[in-house]
Every structure is written in structure tokens, then in C-alpha cells.
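Asker: Provided herewith is a single structure, encoded as C-alpha cells, for subsequent inquiry.
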Amino acid sequence: MKYASDSAILVESNSLPGINKPPKVFKESSLNVTLLGIDISYLTQTTQFALVSSGVFVFFILYGFLLETIFVQPTLKSHGLYVTFIQFILYSFFAMVESHCKNDTERRIPVPTYIIISFLTVGTMTMSNLSLEYLNYPTQVIFKSCKLVPVLLGGILIQGKKYGAKDFLAAIIMCIGLIWFTLIDVTISPNFHPIGVIMINFALVADAIIGNVQEKAMKKYGASNNEVVLYSYSLGTIYLFVALIISGRLIPAITAANQFPVSIYGLGCLLSFTGYVGVNLVLTLVRVAGAFAAVTVTTFRKALSIVVSFIFFAKPFTFQYVWSGFLVILGVYLSQRQAHLVFAETRLFKSAVKFVKQLMATKKFAKAAISV
């Protein structure tokens, strides 16, 4: 549940096949729900859903736009590691401010676990950003939408989870769409390199591992999302600083930042702010409408981000992008739909069992009364 784009949303999206929260019935909400610090608990759940969903669309589309704006500039493409470093500093700062505002400064998860989580967080976010040196933004988004595949494997290997045939079917559909989209990109895109594919796949693998590790740790120690973000990003900042020094990229990056302060520091700050707020809105959306509805909204947000990318940034286009992208989105939807149906069927079964037990108890009581 990292705070980079929604590619790294903590437990609620990193364990996609295991999500077991359905959309709730829209009625008066008893939850304490805030939108950008404004209390909207008094509104109906339908209105809350509409407002929070709109916020998710606005902030994450802005995030994608800013990210692509930074990496389409030739002079800044090679400084993805430094941009990631800035993001980590700001995410740590935002999380620290939030923890003090909520008076939640206690650390529950052990430091050794955070060392692992932060290392994986650095891996997924750094590889994701660096891949934009070699891939178009829409291609990166399509790859990140296929997070189900490594998450599914990670759930099996790390947590021993069991998944149904429909989960694997959804993963296969995603893979077909992904391969199709990639083959199109290889054919017509001037900004495509196999190194970018390797990087984004490393990011997805790290994403899958971190999601399962975070879920396990948060369940075991009862840690909050904010605590995980604060400590994982703070430690990650140290890792990135060391990586910048060892790789010799720190001085060139600072020099480039001094030449283009608005592009790196200005856009970097906006990028971090929109990403952090966007992820918090997704977490709020999960509380308001359930994980299934939240993932549905974020999936369509990704589709809209791709459309925005093609509109504002010149790149080759073919309608085959639409069909291959549709397959990926269909796979994402099927995976979430399956999770929702499993939950609904389980709840229905439990309700039926409860009703039968009550009925049997009533009959026993009636028989006892007659015998008396």
C-alpha cells in the first residue's frame, strides 16, 4: 500500500484477488468521512461516493499528467532516480504531519520488517519511474494495471492463499491484452525499449511482494496505513540517497535541477502532493463504498489517464490500442467481480444457515410447548 500513484496503494489494492469487501448499500453514513479535511459525514453515502470518486479522478489524472510532463523532457529523462528521491522526502513529510495531526505516532511494526518493506517500496517506485525513460506512459499504465498476475503468485507463495479458476482466467485475459498492447507498441512507438519492459516487470514483482508483506504485517501488529507510509518512505529516502551517491547521479541531478527548478522541484512537489492526496482518497473510497467499487473507479481512472496522455502528448496511435487495453480492463474487472461475488455468496450462505438454525430452534420450541 505504498503512496506512489495508486500502483502502490497499501493492502486494499495490493491483494486484489483477496479483497472481500463488497460495495455497501448507499444510505446515510455513520462513518467519519472527510474529503480534503472537510467533514462530509452528514451527506448520504451516494453523495460521498460521487464526491470522493471525482476527487480520485481529478488527483490521479493530474498525477499522471505531471509524471509524463516531467519525463517527456529529454533533459530530465535520465534523472528519474532523483525525482523519486524528492517524492520519498515529501511523502515522508506528509505522513509525519498527518500522524501528528491524528496523534498517531506509535510504531507497531518492528524495524527489521520496515527495512524489507522500504526496500521493496524503493524498488517498485524507482523501477516504475525509471521505466518511463524507455516506455510511453500509456504502456506503463497498462503494465501496472496487470498487477493481479504477480499479486496472485505472491499470495500463493507468501501467504498460502488459494484462488479459483476465474481468478486465473482474469489473469490470462490480462496477459493476452498486455502482450497485444506491447506488440503494438514495439511496432509503431519510437519510445519503446525492452529495458523498460524489464524495469516495469521488476516494479510489478516488488509491488506484489510488498502488498503481501504489508498485509501480513498490518494484520499481525495492527498498524495503520499512515504508520506504514511514514516509516517505509523515511527509510526509503535513505536508500535512495545512498543509491544516488553510489551511482554518481546526485551531482548531475542537482545541476539539472538548478537549471530547471520548476520542472524538477515545482512539478515534483505537485506530483508528490497529488499522489499522496489521491491515495488517501482511494482509502476513503474503500471505507465509503467498499474495495470492489474503489478498484472499479481506479481502473476506469487508468483508462481515462491513457486517453488524456494521447490527447496532450504527441505519440503514434492505432485503434488496436483500444482493443488490447479493453482486454486488460476486462481482466481487472473480472478479478474484482469474482471477489465480490464470492463474498456475496458466502454472506448469503451464512445468512441462510442462520435462518435455518433460527427456524429449527422455533420448531423445537413449538414442539416443546405442544408436548407440555
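From the backbone N, Cα and C atoms, a Cβ is placed for every residue, glycine too.
Per TrEMBL, the features are:
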- 49-67: transmembrane segment (TRANSMEM)
- 79-97: transmembrane segment (TRANSMEM)
- 109-131: transmembrane segment (TRANSMEM)
- 168-186: transmembrane segment (TRANSMEM)
- 192-210: transmembrane segment (TRANSMEM)
- 230-251: transmembrane segment (TRANSMEM)
- 263-283: transmembrane segment (TRANSMEM)
- 290-312: transmembrane segment (TRANSMEM)
- 318-335: transmembrane segment (TRANSMEM)
Asker: Quick check: do the transmembrane segment (192-210) and the transmembrane segment (109-131) share at least 3 Cβ pairs under 8 Å, counting only pairs 6+ apart in sequence?
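Answerer: Yes, the transmembrane segment (192-210) contacts the transmembrane segment (109-131).
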Asker: In the same chain, which residue numbers or ranges, 6 or more beyond the ends of the transmembrane segment (49-67), come under 8 angstroms Cβ to Cβ?
Answerer: 5-6, 26, 33, 35-36, 40, 43, 129, 132, 137, 141, 267, 270-271, 274-275, 277-278, 281-282, 284-285, 288-289, 293, 297-298, 301, 304-305, 308-309, 312
